[in-house]
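Take a look at the structure set out below.
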Amino acid sequence: MWNKWAEVSRMNLKNNVELIRQKLPDLEPIAVVKDDAYGHDAAVVVPELLKNGITKFAVVYAKDALMLSEFGAEWILVLDDPPLSNMCSEYEKRGIRFCITDSKWLSDGLLELPIKFHLFVDVGMHREGVPWYETNTIREICKVVGNRLEGICSHLSNGLSDSQALATEEERFREVLSIAPEGLMVHLSNSASLYNAKFPYATHFRPGISLYGYGYPGLKPVLSLKARVIHEHILEPGEGLSYGWTWRATEPTHVVTVPVGYGDGYNRKLSNKAIAGSKAGNLQQIGTVTMDFTMFEAPKNVTVGDEIVLMGEWEGGHFWADEMAQLVGTIPYEVLTSINPRVPRVLV
């Protein structure tokens, strides 16, 4: 029996896939499962997505694409990692294709490799991609790659429909489309597609955080973080606990310890702010979160071996990644991907 684990909800994942499909029925999703499926464990998530009809996947690195093929994926797009010439037969066999993210690939000879490519155009993110204004380079890339060019894509810096940046970036992307070959897969939007107007020329989109339950009404968080109480004691009035005694008891207080800390990805900035769930309802986190342990104030009927919900929902309460993120000044993406791989992921 584990003393800490993360649960991946197959029902919530299914709900999210269905909602995304209902919202964007004319676009085929390319599921983004980078960074180990946003910390959910790609080995757990990818087979479930396949069961729900998702057949296309995207990751950042080629090594992750090779791993995904072991989980059953047969169409994988590498977003930002150059191919290796001695791996082309393996890429082809495993259905791996690559985004062209730098015009230098032309001079490096990478575009002559016998694999499929998507042209990644920088229209304003200014992070990676061939700049939209390098029209001669774009034409040359299309010519060299020829029928191995499978798609054209970009990444928006702001996907909200009322954004001036969106209007500017979409106009730039349209300019590139006007000089690109016809019949390509076209994808430039991510989970923000659920909010903004559909792009009439798009054939696909790349949902990421929405698959995992965040960013749009009706989505359900997929990952819960749980642990068992490993120690309990009564803290007397006037006594503090943990490093620096940042919390001090004003009355006899039942304290329980769980074996999760910032080494597991439970942020230290949650100290004296977080809540958790138990059979007795809400628990208040007290004292400084340490590397491997965290303490909570709890009713006396919460005892060693009891399950504590550190992230998730319970009867009468919830504390999800977006709520954690708000407390520590970050985004749910970072909360989810920070959970250490040493915490087992379990499909439920």
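Glycine residues also receive a Cβ, built from the backbone N, Cα and C atoms like all the rest.
Marked as N6-(pyridoxal phosphate)lysine by Swiss-Prot: K34. Here Swiss-Prot flags K34, Y243 as active site, proton acceptor. Residues or ranges marked as substrate binding site in Swiss-Prot: R127, M291.
Annotated features, which come from Swiss-Prot, shown on the structure.
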residue	record	DSSP class
K34	N6-(pyridoxal phosphate)lysine	helix
R127	substrate binding site	coil
Y243	active site, proton acceptor	helix
M291	substrate binding site	coil
Recorded positions (K34, R127, Y243, M291), the one with most neighbouring Cβ atoms at 10 Å: K34
Rounded Cα-Cα span from R127 (substrate binding site) to the residue listed as 'N6-(pyridoxal phosphate)lysine', Å: 17
Cα-to-Cα gap, R127 (substrate binding site) vs Y243 (active site, proton acceptor), nearest whole Å: 40
